[in-house]
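For reference, Swiss-Prot has these:
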type	residues	note
BINDING	Arg21, His133, Thr354	substrate binding site
BINDING	Gly108, Phe109, Ser181, Asp206, Asp207, Ala208, His209, Thr237, Leu238, Ser239, Lys240	pyridoxal 5'-phosphate binding site
MOD_RES	Lys240	N6-(pyridoxal phosphate)lysine
Amino acid sequence: MALTDFLVEELNGLKQAGLYRPLKELQSPQRPRSIIDGREVINLSSNNYLGLADDPRLKQAMIEATEAYGAGSGAVRTIIGTMTIHNQLEQKLAEFKHVEAAVVFQSGFTCNSGVIPVLVGEGDAVISDELNHASIIDGCRLSKAKIHRYKHADMDDLARVLKETDGQYRRRLIITDGVFSMDGDIAPLPDIVELAEKHGCMTYVDDAHSSGVLGKNGRGSVNHFGLDGRVTVQVGTLSKAVGVLGGYVAGPRALIELLWHKGRPFLFSTSHPPGVAAACLKAIEIMEQEPERIDRLWENTRYFKERLTELGFDTGKSETPITPVIVGDEVKAMQLSDRLLEEGVFAQGIAFPTVPRGKARVRTIVTAAHTKEDLDEALAAFAKVGRELGLI
């Protein structure tokens, strides 16, 4: 018996359960109509909210920075991998988020795994929404702080946890997603911040799916609720609405400088290629100059969500461009996804462990770049397949 036979057994279990998902090959840029495995399909699974991933201005910025600085940085940030373009991007992000300073990480995931252990450790407590992203869960575990979970977006339960933990720890950190990636609902940040201030807790908001979507010019959920200056730490991504790659932390200068010294993913990873940093910088500039992109995103979101609901689909509590079509049964959710693809619509099926058992779904995301024709064609496919499978 080979030492790796258990891997084959686990894979076979996924296949027998109908949950094995091969990697699909994207053979075009991220566009509303993309080429996947040789076919043009309507793309409803991209995080490219504002349609910037294929914007010619980002590509030109990347080309010019590559010619000026080279293809790669060749070092970690703390040795000789901090280039002028990295500093320019971080200064722009700090201004954009209305904070003292910002620092860029290699991904949004590594932001959370790197920052949380710097804020809290043994003798401290993390108070986390039960539906927070996997990267937050990992960051909390790595911190070795005591983890307390409160029921999703339940402020009475959060108040209970805070009252029970008053005076029990050196420091406490309340962590929440700004927008929850599987359900598309928005965290009740005003109530969270008020409770945090009442109980003397730091606050931490992961704005991965809020950046470019909520707030003035896409500044995120904190700005959306008028809470600038009242949230300790904001984490954002450069790979979704910004359309490129990476994540960032925005907050007090003391935190940012401490992350230079103690943020392990930052310390031990080569910095972004200069072309990536330049494209991110250009995207932020476009977001400031073209607010109509966000207006189109929300027009498309409202239209698509309303039509799905009219057809009889369960879209849960979504308030954002993330619109789940909740099926429940895992196999049937995957069947819905597969049949939609046959009808020319790519919408990824999501099942356990990404979502709880009994909550399997097809997750859709519309973008600013979709046309009404794109959305109507996708809705027709949902109607046809939904009736075939007895979902509506």
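Using the three backbone atoms N, Cα and C, a Cβ is placed for every residue, glycine included.
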Worksheet, complete the sentence: By Cα geometry, the one of the binding-site residues (Arg21, His133, Thr354) nearest Asp207 (pyridoxal 5'-phosphate binding site) is His133
Worksheet item: Among Arg21, His133, Thr354, recorded substrate binders, what is the largest CA to CA distance in Å?
Response: 21
Worksheet item: In the structure shown, which of the binding-site residues His209, Lys240 has the fewest Cβ neighbours within 10 Å?
Response: Lys240
Discussion item. By a 10 A CB contact count over all chains shown, which of the binding-site residues listed here is most packed: Arg21, His133?
Written reply: His133
Worksheet entry | Recorded pyridoxal 5'-phosphate site residues Gly108, Phe109, Ser181, Asp206, Asp207, Ala208, His209, Thr237, Leu238, Ser239, Lys240, farthest C-alpha pair in Å | 16
Worksheet entry | Rounded inter-Cα distance in Å - Ser181 (pyridoxal 5'-phosphate binding site), His133 (substrate binding site) | 7
Discussion item. Validating a neighbour-count step here. Other CB atoms within 10 A of the CB of Gly108 (pyridoxal 5'-phosphate binding site): how many?
Written reply: 25
Fill in: Sparsest Cβ surroundings (other CB atoms within 10 Å) among the binding-site residues Ser181, Thr354
Thr354
Response to the item:
In three-state DSSP terms, Ser181 (pyridoxal 5'-phosphate binding site) is classed as coil
Practice prompt. Determine, using Cα-Cα distances only, which of these binding-site residues is closest to His209 (pyridoxal 5'-phosphate binding site): Arg21, His133, Thr354.
Written response: His133
Worksheet item: C-alpha of Gly108 (pyridoxal 5'-phosphate binding site) to C-alpha of His133 (substrate binding site): distance in Å?
Response: 11
Discussion item. When DSSP is mapped onto helix/strand/coil, what comes out for Gly108 (pyridoxal 5'-phosphate binding site)?
Written reply: helix
